[in-house]
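S.K.: Below, the features straight out of Swiss-Prot:
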ACT_SITE  CYS128  active site, nucleophile
BINDING   SER19, LYS43, ALA44, ASN97, ASN125, LYS163, ILE189, GLY215, GLY241, GLY242, GLY263, THR264  FMN binding site
BINDING   LYS43, ASN67, ALA68, ILE69, GLY70, LEU71, ASN125, ASN190, THR191  substrate binding site
Amino acid sequence: MLEVKLPGLDLKNPIIPASGCFGFGKEFSRFYDLSCLGAIMIKATTKEPRFGNPTPRVAETGAGMLNAIGLQNPGLDSVLHHELPWLEQFDTPIIANVAGSQVDDYVEVAEHISKAPNVHALELNISCPNVKTGGIAFGTNPEMAADLTKAVKEVSDVPVYVKLSPNVANITEIALAIEEAGADGLTMINTLIGMRLDLKTGKPILANKTGGLSGPAVKPVAIRMVYEVSQMVNIPIIGMGGVQTAEDALEFLLAGASAVAVGTANFVNPFACPEIIEQLPSVLLQYGYQSIEECIGRSWNHEKQPAHHRA
């Protein structure tokens with residue numbers, strides 16, 4: 001009922017912890033067997049280790065959080081020799097998130113990490129708003145996004161998904177350029193740029209001043225963008241942005257996503273992903289669906305009728 005087939009990914013269910021909200025899975029493995037997950041999007045990997053931005057790097061908001069971590073990670077060598085081998089014990093495909101400051105950085109990381117036996121797909125992080133070079137610069141320019149996608153596709157041994165930024169005037173234009181460049185899929189959305197101020201000092205709470213807004217506050221934006229982009233491209237979308245419940249996951253599927261990533265909710269409830277997986281079948285049945293496939297794009301593809309509406 002929950003199985004989903006995507007380029008490079010045979011998912012037992014469509015629920016995936018989002019990159020940056022799950023580390024490399026070690027902390028969460030103390031709570032449950034990671035083999036229950038559809039896939040795991042590991043933390044962004046760069047060529048060299050990164051220590052990230054100065055603190056404070058996280059601030060709560062009324063319906064979510066701001067983060068300005070700055071792609072902190074142990075670097076490519078450590079991920080290849082320590083993190084990925086540790087994850088081999090789980091029966092779950094890995095989606096490796098690749099980041100960098102320039103095209104050559106992405107290409108080098110992608111070429112090596114795509115050869116790891118348990119990496120089934122790459123996620124190009126072209127939309128991180130919290131780093132001074134690379135990151136979001138690639139995600140806001142169609143030509144740059146396309147050139148980067150082409151370069152990585154040439155060296156990758158596995159399908160390439162590209163993570164889209166919501167901080168653009170026309171996200172569909174970016175998506176179409178990336179599809180034209182050969183991407184196998186899209187993941188969307190990354191965080192919205194936001195800020196909070198300390199009332200005592202009058203200054204920004206985050207040392208980076210701005211940060212990425214995530215959590216329930218961004219879900220309506222994410223749903224709208226998935227809805228728009230999914231009607232224009234012919235490659236699958238992994239939707240994300242404020243998913244906390246099985247009902248949220250279904251909403252993304254109806255908007256046009258083929259799978260759903262869970263981010264900030266993991267910080268609030270470490271059992272968020274397995275709970276959504278457990279509850280999703282009953283939620284699908286409640287609304288008349290017998291499979292994930294029936295739901296995908298139902299909001300705009302009205303030929304897809306729920307089972308209980310069929311003759």
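In case you wondered, yes, glycine gets a Cβ from its N, Cα and C as well.
What you are looking at is a predicted structure, and each value in this text was computed from that prediction instead of being measured.
Explain the structural surroundings of these features, please.
M.R.: Annotation note: LYS43 (substrate binding site) sits in a coil segment as assigned by DSSP.
ASN125 (FMN binding site) counts 29 other C-beta atoms within 10 Å of its own C-beta, drawing on all protein chains shown. Mapped onto three states, the DSSP output places ASN125 (FMN binding site) in strand.
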S.K.: Which one of these binding-site residues has the most other Cβ atoms within 10 Å of its own Cβ: ALA44, ILE189?
M.R.: ILE189
S.K.: What residues, ordered by sequence, lie under 8 A Cβ-to-Cβ from SER19 (FMN binding site) and sit at least six positions away in the same chain?
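M.R.: Sequence-distant Cβ neighbours: MET41, ILE42, LYS43, ALA44, ILE95, ASN97, GLU123, ASN125, LYS163, ALA261.
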S.K.: Using a 10 Å cut-off, grab the number of neighbouring Cβ atoms around the Cβ of THR191 (substrate binding site), all chains included.
M.R.: 29
S.K.: How many Å separate the Cα atoms of GLY263 (FMN binding site) and GLY70 (substrate binding site)?
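M.R.: Here the two Cα atoms are 16 Å apart.
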